[in-house]
Structures are given as structure tokens and as C-alpha cells.
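Novice: Here Swiss-Prot flags Thr5 as active site. The Na(+) binding site annotation in Swiss-Prot covers Ala161, Cys164, Thr167, and the record cites sequence analysis as its basis.
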Amino acid sequence: MFDATTILAYKGKNRAVIGGDGQVTFGNSVLKGNATKIRTLYNGKILAGFAGSTADAFNLFDMFEEFLEAKKGDILKSVVEFSKAWRKDKVLRRLEAMMIVLNSEHIFILTGNGDVVEPEDGEIASIGSGGNFAISAARALKKHSSLDEEALVRESLSIAADLCIYTNHNIKVLSLDGEKK
């Protein structure tokens, strides 16, 4: 349930970008090929994407946005407080979804058991069944190409879609322009 998609986020020098494929699967059947699994939060200042149960993910998006509002858009404080709530709440602990959230300064993976993980390099994160393919491609393209952030995310997701049966080529990308502080 956690794996049937691919979400990739890249916090580059000029832009923060998140992308995801559009495939929705149920067991071994494709139910939909053009779903949107990424969105902007907090008046377009935060990017987020999910892998896992769609209904659970929408609940998590809404709850996380409440924390962003309460913390006035401070992504670091919001993920910490959200994680605490996730771990304490019996209903939240049963949700089957993971999220990536990022802005121009930070990128985090929020896991299904309430953990918050900041990627080691602080720049690239992925979740879902094609996540390892996408992050491998993104790291290689970052190191050996001159692609801009959006093109790097699109190409990495395309490579993941070539390899992962739960990921398709209907790729959607969102970005935040802006300099890092």
C-alpha cells in the first residue's frame, strides 16, 4: 500500500521541485493513470507529495496544513509537531501513507509511523515503489548533467517509470522559485 507510486523531490540551488507519477493501483490492477499526488500547501510556499492510501494521504495533507498554519509556515516546527501528533494518535498511527514536504530551505520525509527524516544530502528525497530508481537517477543526473531542477525531476521520474511497474509516465511537477536563506 505504501509503495504503489513514485514521488521525487529536489531542493536545488534555484528552485525546490516535487514530482510524481499518476498511476493508482489496487492490488495488481491499474485503476487510474492520471492522478495528482503532489500539491502546494500554505499559500503555495510548501510543496508536498504522498505515496500510499489516497484517502489517508488527503487527511495527512489537511492535518499537516493545520500545523503549518499554527506555526506560521515554519516547516521545521510543523514537521516536528506533526510527528508528535502522529505518534500519539491511535487513528493516525494506522494511516497507510508517507509524505515528502519541502520548501527552498528544508526537505523532509514523513513516514507512516510518524518518523521525520531529513535526507543526508539535504537535497533529494523519494518515496514509493519507484523511489529507489528515481533517487538513483536524480543523484546521477545531478552529478553528471546540467539539467535544471524541473528537468532533473522529470527525467528521474521517467527513468523510474521505465523500471517500476507501479509508476507510469504521466508525470506532474510543481516548483517553488526563490533563493535559499
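A Cβ is built for glycine as well, from the same backbone N, Cα and C atoms used for every other residue.
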Novice: Quick check: which same-chain residues outside Ala161, Cys164, Thr167 lie with their CB within 8 A of the centre of the Na(+) site CB atoms?
Specialist: Thr6, Asp21, Gln23, Ser129, Gly130, Phe133, Ala134, Leu157, Ala160, Asp162, Leu163, Ile165, Tyr166, Asn168, His169
Novice: Only counting partners 6 or more residues apart, tell me which same-chain residues put their Cβ under 8 Å from the Cβ of Ala161 (Na(+) binding site).
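Specialist: Looking at Cβ-Cβ distances below 8 Å from Ala161 (Na(+) binding site), excluding near sequence neighbours, one finds Thr6, Asp21, Gly130, Thr167, Asn168, His169, Ile171.
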Novice: Counting only residues 6+ away in sequence within the same chain, which have a CB under 8 Å from the CB of Cys164 (Na(+) binding site)?
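Specialist: In sequence order, the residues whose Cβ lies under 8 Å from that of Cys164 (Na(+) binding site) (at least 6 apart) are Thr6, Ser129, Gly130, Phe133.
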Novice: Secondary structure at Cys164 (Na(+) binding site) (DSSP, helix/strand/coil)?
Specialist: coil
Novice: Far apart in sequence but close in space: which same-chain residues, 6 or more away, have a Cβ under 8 Å from Thr5 (active site)?
Specialist: Gly20, Asp21, Gln23, Val24, Lys37, Phe50, Ala51, Gly52, Gly128, Ser129, Gly130, Tyr166, Thr167
